[in-house]
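Here is what Swiss-Prot records for this protein:
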type	residues	note
ZN_FING	43-65	zinc finger
ZN_FING	71-93	zinc finger
ZN_FING	99-121	zinc finger
ZN_FING	127-149	zinc finger
ZN_FING	155-177	zinc finger
ZN_FING	183-205	zinc finger
ZN_FING	211-233	zinc finger
ZN_FING	239-261	zinc finger
ZN_FING	267-289	zinc finger
ZN_FING	293-315	zinc finger
ZN_FING	351-373	zinc finger
MOD_RES	Ser391	phosphoserine
Amino acid sequence: MYTSEEKCNQRTQKRKIYNVCPRKGKKIFIHMHEIIQIDGHIYQCLECKQNFCENLALIMCERTHTGEKPYKCDMCEKTFVQSSDLTSHQRIHNYEKPYKCSKCEKSFWHHLALSGHQRTHAGKKFYTCDICGKNFGQSSDLLVHQRSHTGEKPYLCSECDKCFSRSTNLIRHRRTHTGEKPFKCLECEKAFSGKSDLISHQRTHTGERPYKCNKCEKSYRHRSAFIVHKRVHTGEKPYKCGACEKCFGQKSDLIVHQRVHTGEKPYKCLECMRSFTRSANLIRHQATHTHTFKCLEYEKSFNCSSDLIVHQRIHMEEKPHQWSACESGFLLGMDFVAQQKMRTQTEELHYKYTVCDKSFHQSSALLQHQTVHIGEKPFVCNVSEKGLELSPPHASEASQMS
């Protein structure tokens with residue numbers, strides 16, 4: 001017989017032992033694995049012949065063989081072997097992070113995640129990616145990171161068959177099907193499907209711009225916009241086209257460019273069934289179907305009220321934009337601004353393209369310039385049927401390419 005103290009010491013040691021299942025070869029961590037018989041109470045697993053001193057430990061072992069996971073999450077239907085695993089998982093949905101780091105005040109769902117994070121303060125990162133050499137404090141973080149190299153997306157949406165590399169991304173995606181928006185803004189009552197979207201939105205009320213560039217002192221509300229901006233200074237273009245090896249600073253620019261090679265035109269007009277490579281081109285085209293603004297003098301129609309106002313100035317010979325230096329007048333405000341900039345020889349160029357660092361006075365000039373890089377020719381001449389990168393002088397007689 002063992003004294004209570006001896007039994008306690010034996011159990012403490014046994015908690016630290018990992019056991020390998022002889023049938024499946026899996027490493028399993030079982031509390032109080034039986035090595036020495038205690039009080040004659042032995043529970044043996046019929047599958048792998050392992051012995052245990054507690055019935056609960058035997059049940060856990062048997063579930064590794066049967067695959068049974070009786071604890072189910074009501075939010076995402078994920079299942080677990082132990083109730084404690086379910087409890088930890090549910091914190092993801094509730095955004096509950098009870099484990100806080102004393103060094104930097106970061107908080108975590110699970111105590112193991114906190115332990116992994118604390119290694120970063122100690123300078124210890126034990127898990128290294130074999131492909132790119134990045135280090136991680138937790139094996140789970142390394143596993144998720146490796147999916148960026150392998151392209152593995154193990155989390156499947158049962159509604160639309162979309163796949164995701166993270167379970168949290170799947171949870172958020174499912175809300176697009178259910179319409180659930182659990183995160184509500186207290187200022188304007190706008191609701192969002194993700195907490196990060198709510199946090200970003202709240203900055204429109206507070207004016208907070210936490211992401212600041214140390215090169216030019218520009219600041220941003222969103223981290224993603226900040227990352228894209230930094231590439232202006234570094235010249236980094238991480239997104240490469242596999243067909244022509246052109247590189248881009250933004251993934252969205254690469255996606256649009258690739259349509260030049262594939263011929264894909266995902267934006268379709270429901271009126272005439274014409275298709276377009278860009279959503280902006282579709283919106284501009286759709287306006288041609290609804291000529292709602294008419295000139296009473298010539299019965300000419302326009303897509304925008306601003307175009308009608310400019311047209312009417314021709315009849316009235318009105319030039320509302322006056323230049324004080326020489327009393328020149330302009331029909332269009334944009335012509336006046338352009339002339340003003342030219343005469344003052346200002347170097348203010350507000351619209352900058354990150355691919356080649358060229359800058360422009362007007363957003364329309366920037367949009368036209370972008371077509372040079374992606375190889376798109378959105379305008380077609382009705383006379384020669386040639387594709388053009390820029391709108392031809394006889395733009396009224398030219399229609400956009402589908």
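The backbone N, Cα and C atoms fix where each Cβ goes, glycine too.
Here the structure is a predicted model, which means the values were calculated and not measured.
Predicted-model confidence for the zinc finger (155-177) is 87, expressed as mean pLDDT.
Among 71-93, 99-121, 183-205, 239-261, 267-289, 71-93 has the largest number of CB pairs under 8 A with the zinc finger (155-177). Scored on C-beta pairs under 8 angstroms, the neighbour of the zinc finger (239-261) with the top count among 71-93, 127-149, 211-233, 351-373 is 351-373.
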